[in-house]
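Visitor: Following this message is one structure expressed as structure tokens.
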Amino acid sequence: MSDSQSSATAEIMPEDNDVPVPGLEAGVEEEREYVGMLYHRLDELRAEKEAQLAKVRRVGSRGTMQNASERDAFAAMYEDRLAQLNAVDDRLVFGRLDHDSGECRYIGRIGLTSASHQRLMLDWRAPEAGVFYQATAFERQGVRRRRHLLLKRREVHGVEDDVLDASMLEEASHNHGDGALLAALTARRTGQMGDIVATIQSEQDRIIRADLPGVMVVQGGPGTGKTAVALHRAAYLLYSHRDRLKSAGVLIVGPNTTFMSYIDRVLPSLGETGVVLSSLADLFPGVHGTPEPDSRVEEIKGRLDWVGIIGAAVTHRQRTIPDVRDVTVDGTRVGVTPKMVNRALERARATGKPYNEARTTFVKVLVKEIAEKLERIIEKRSEGNDADRSYLVEDVRSARDVRVLLNLCWMPRSPQGLLEDLFAKPNYLSDVAPELSAAERELLKRAPGSPFTSADVPLLDEAAELLGTLDESAGREAARQKAAAARSLDNAQRAVENASPQLEEMGIEGFLDAQAVVDMNAESGPRLTAAERAQVDRSWTYGHVVVDEAQELSAMQWHVLMRRCPLKSFTIVGDIAQGSSPSAASSWQQAMAPFVGERMRVEELTVNYRTPGTIVELAERVAEANGLHTTSLRTVRDGDYPPVIEQVPGDQLVTAATAAVRAEHDRVGEGLVAAIVPERLLSLTRRSLVAEFGARVGHGAGSLSEDILALSAEEAKGLEFDAVVLVEPAEILEETAGRVGSLYVALTRPTHALHVIAVRELPAGF
Ligand SMILES: Nc1ncnc2c1ncn2[C@@H]1O[C@H](COP(=O)(O)OP(=O)(O)OP(=O)(O)O)[C@@H](O)[C@H]1O
């Protein structure tokens with residue numbers, strides 16, 4: 001909660017039972033006028049951009065290449081700006097600061113200036129806006145009063161004042177506590193995460209605004225706002241380091257696709273769209289990893305040993321020949337010696353290129369040697385008759401025998417093919433993975449054509465890195481494109497310099513960079529943003545990477561993520577206590593040391609904003625009683641509903657759970673109710689809920705837009721619901737072999753009510 005000496009609220013809402021305070025009502029009126037003016041300016045800017053865009057589009061692609069590309073660049077820039085202006089329409093402004101100097105500043109989602117360049121509203125990320133989140137009565141930082149403006153879409157419905165200057169206290173006639181924060185925390189959930197820009201707390205703000213370089217780990221218990229903070233930090237970094245991050249991009253990684261869709265509206269509402277969001281299962285373009293069914297396999301595949309295993313698996317397919325081997329080229333027999341093959345292998349390895357690309361050198365060298373030998377044979381046969389021999393190399397390359405020999409010694413490989421072989425051919429795996437026991441190798445065995453799992457994704461990535469481009473001509477094409485891109489970047493730089501004065505005049509400098517112009521000039525395909533290009537390019541390196549639920553990541557997952565950001569600029573958020581995967585870390589030091597050594601800073605969040613105090617107490621008790629040490633969290637409210645615990649007869653578990661969903665739904669009114677159940681009961685519970693509630697029941701965690709859901713504890717990770725019906729906690733505990741992380745996650749999902757239904761004895765701590 002914000003540390004103010006006094007707080008005064010006026011909320012002109014129908015459900016507000018308080019008698020409106022006259023002075024504050026006037027405050028609302030006063031703000032309505034100013035906010036109306038801000039929206040008027042927003043509409044004006046929008047109309048302006050629409051007109052400019054229409055004009056550029058009318059001109060079309062006439063004129064020189066240079067003119068056309070400049071116009072395209074302008075059109076793209078207007079489109080981006082329009083998208084941004086549209087995205088911030090809802091609750092555009094949320095704060096006002098009254099300074100000792102008498103100056104008053106409004107804080108909102110973006111910065112706005114009037115037509116005559118007067119500042120009307122500060123972007124929340126601007127340095128001067130920081131005090132809105134940081135000022136306290138003890139450290140006022142020149143602020144007399146902080147006012148929260150409570151908007152519903154475009155309408156001001158209330159104001160809340162934090163009076164920081166003691167001499168103003170008399171003017172404040174009403175004391176209501178942190179109304180803006182509480183209103184946000186108790187609002188009904190919609191299945192989509194919202195931004196917290198209006199109520200960021202000071203411990204959160206310090207993390208959001210921390211410097212870009214280096215690795216920052218944010219440890220925090222459930223509901224402390226780690227996800228919210230990570231997303232606001234991404235928006236902040238894109239704003240304050242736009243030059244560096246616009247073209248390199250920011251990657252946000254989360255545990256699964258449900259979680260990614262839960263958070264995907266937050267950044268657009270903050271005016272940022274150019275971020276790549278990806279679940280761990282989707283990090284390898286073209287593959288969607290299915291959940292790994294066996295946790296023992298998941299643990300094995302998470303070990304860092306796979307860097308060595310994949311390396312050995314790649315080179316395993318390079319081999320020489322034991323004896324001379326004859327190949328026939330156009331009817332002539334040529335003996336290929338082990339020496340010739342070894343020379344070609346050595347030359348190729350010496351290039352240091354990835355496997356498939358180095359193979360090109362191997363093929364070139366060996367084919368040349370065979371052609372020379374063939375030439376000598378032909379020369380001898382034709383006794384000095386020097387006919388044209390230039391075709392010989394091509395003949396050798398296309399001879400069937402030669403192609404078989406080349407593949408035998410150096411097989412071209414795809415990452416998918418390599419992994420499939422490794423798990424389908426036991427001898428191959430035992431040759432390259434002596435560090436795995438026979439029992440472990442047996443566990444890894446699977447039929448060719450089996451789907452790739454999320455635990456395979458880092459292994460595919462590692463294989464792709466070592467194998468390089470499969471298609472030989474694609475390698476050359478990539479090099480050609482790279483050279484062409486460097487040339488166009490140079491041209492584009494000049495074009496941007498020409499355009500800069502106009503841009504500055506419009507007050508939008510920094511929005512167009514040379515890379516954007518290059519993209520516009522690309523001859524084929526639609527215009528792609530950096531984010532779109534990054535998403536399909538496995539080797540893309542980002543300017544910053546944000547990792548959520550990071551306690552679950554395996555060493556192999558960290559290994560490939562580190563490659564995505566060689567600058568090692570990371571924001572890593574998670575809670576060691578919530579770890580439930582077989583690779584989950586037991587400390588941040590243990591998880592990160594192999595990759596960054598000691599070079600990381602750990603920050604901590606300590607207040608749970610989601611879950612009422614009575615439920616948090618229960619969750620902490622259960623965690624401790626089952627051997628999980630948690631740091632005790634402060635909570636913001638006790639909540640209106642103490643947890644309900646019901647024991648039912650053996651045959652009534654699912655019926656009782658359905659009835660509890662009904663009861664909780666009635667109790668919390670509008671909002672989301674989730675039944676968190678053991679995997680075994682998932683489909684049964686879903687069927688029972690559908691019979692009771694029909695189409696209002698979502699099918700799995702992917703349908704957060706419905707108001708009733710049944711999901712597993714694993715699927716509930718990172719999400720939240722107004723009420724949770726927790727079914728058979730003893731079995732949930734067993735599912736993760738007694739690790740209490742998943743149960744602790746399930747217990748901390750509600751924002752209002754928790755209802756436990758059990759047949760079996762409850763785990764310790766309940
Ligand atoms: N300063 C804030 N103002 C308003 N709401 C907040 C604030 N901080 C956090 N919240 C809300 O608290 C809830 C929990 O936040 P979030 O999901 O980011 O927590 P978390 O630490 O990632 O939780 P978990 O680890 O349990 O998944 C969200 O609804 C979020 O919007």
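Positions of Cβ are set from backbone N, Cα and C atoms, glycine also.
Annotations in TrEMBL come from automatic prediction, not curation.
So TrEMBL says this about it:
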type	residues	note
REGION	1-21	region 'Disordered'
DOMAIN	199-612	domain 'UvrD-like helicase ATP-binding'
BINDING	GLY220, GLY221, PRO222, GLY223, THR224, GLY225, LYS226, THR227	ATP binding site
Visitor: If the ATP site is taken as the center of the Cβ atoms of GLY220, GLY221, PRO222, GLY223, THR224, GLY225, LYS226, THR227, which further residues of that chain fall within 8 Å of it by their Cβ?
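Guide: Near the ATP site, beyond GLY220, GLY221, PRO222, GLY223, THR224, GLY225, LYS226, THR227, sit ASP575, LEU605, ASN608, TYR609, ARG610.
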Visitor: Within the domain 'UvrD-like helicase ATP-binding' (199-612) only, compute the mean pLDDT.
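Guide: Here the mean pLDDT over the domain 'UvrD-like helicase ATP-binding' (199-612) amounts to 86.
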Visitor: If one looks at the chain holding THR224 (ATP binding site), which residues at least 6 apart in sequence have a CB under 8 angstroms from its CB?
Guide: LEU605, THR606, VAL607, ASN608, TYR609, LEU633
Visitor: Output, ordered by sequence, the same-chain residues six or more apart from LYS226 (ATP binding site) with a CB under 8 Å from its CB, or 'none'.
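Guide: Same-chain residues close to LYS226 (ATP binding site) (Cβ under 8 Å, separated by 6 or more) are VAL218, GLY220, ASP548, VAL573, GLY574, ASP575, LEU605.
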Visitor: Relative to the Cβ of THR227 (ATP binding site), which residues of the same chain, six or more apart in sequence, are found under 8 Å away?
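Guide: Result: MET193, ILE263, ASP548, VAL573, GLY718.
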Visitor: In sequence order, which same-chain residues at least six apart have a C-beta under 8 angstroms from PRO222 (ATP binding site)?
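Guide: Same-chain residues close to PRO222 (ATP binding site) (Cβ under 8 Å, separated by 6 or more) are ASP575, GLN578, ASN608, ARG610, THR611, VAL616, ALA619, LEU633, TYR744, VAL745, THR748.
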Visitor: Reduce the DSSP letter at GLY220 (ATP binding site) to three states and note it down.
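Guide: In three-state terms, GLY220 (ATP binding site) counts as strand.
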Visitor: Could you tell me which three-state DSSP class GLY225 (ATP binding site) falls into?
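Guide: Once the DSSP labels are grouped into three classes, GLY225 (ATP binding site) ends up as coil.
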Visitor: So if I draw a 10 Å sphere around the Cβ of GLY221 (ATP binding site), how many other Cβ atoms end up inside it?
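Guide: Around GLY221 (ATP binding site), other Cβ atoms within 10 Å: 27.
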Visitor: For GLY223 (ATP binding site), what is the tally of other C-beta atoms lying within 10 angstroms of its C-beta?
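Guide: For GLY223 (ATP binding site), the 10 Å Cβ neighbour count is 26.
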Visitor: Which number gives the other C-beta atoms within 10 angstroms of the C-beta of GLY220 (ATP binding site), all protein chains shown included?
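Guide: The answer is 25.
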Visitor: Given a separation of at least six residues and a C-beta threshold under 8 Å, show me what packs close to GLY225 (ATP binding site) in the same chain.
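Guide: Sequence-distant Cβ neighbours: ILE196, GLN201, GLN204, LEU605, VAL607, TYR609.
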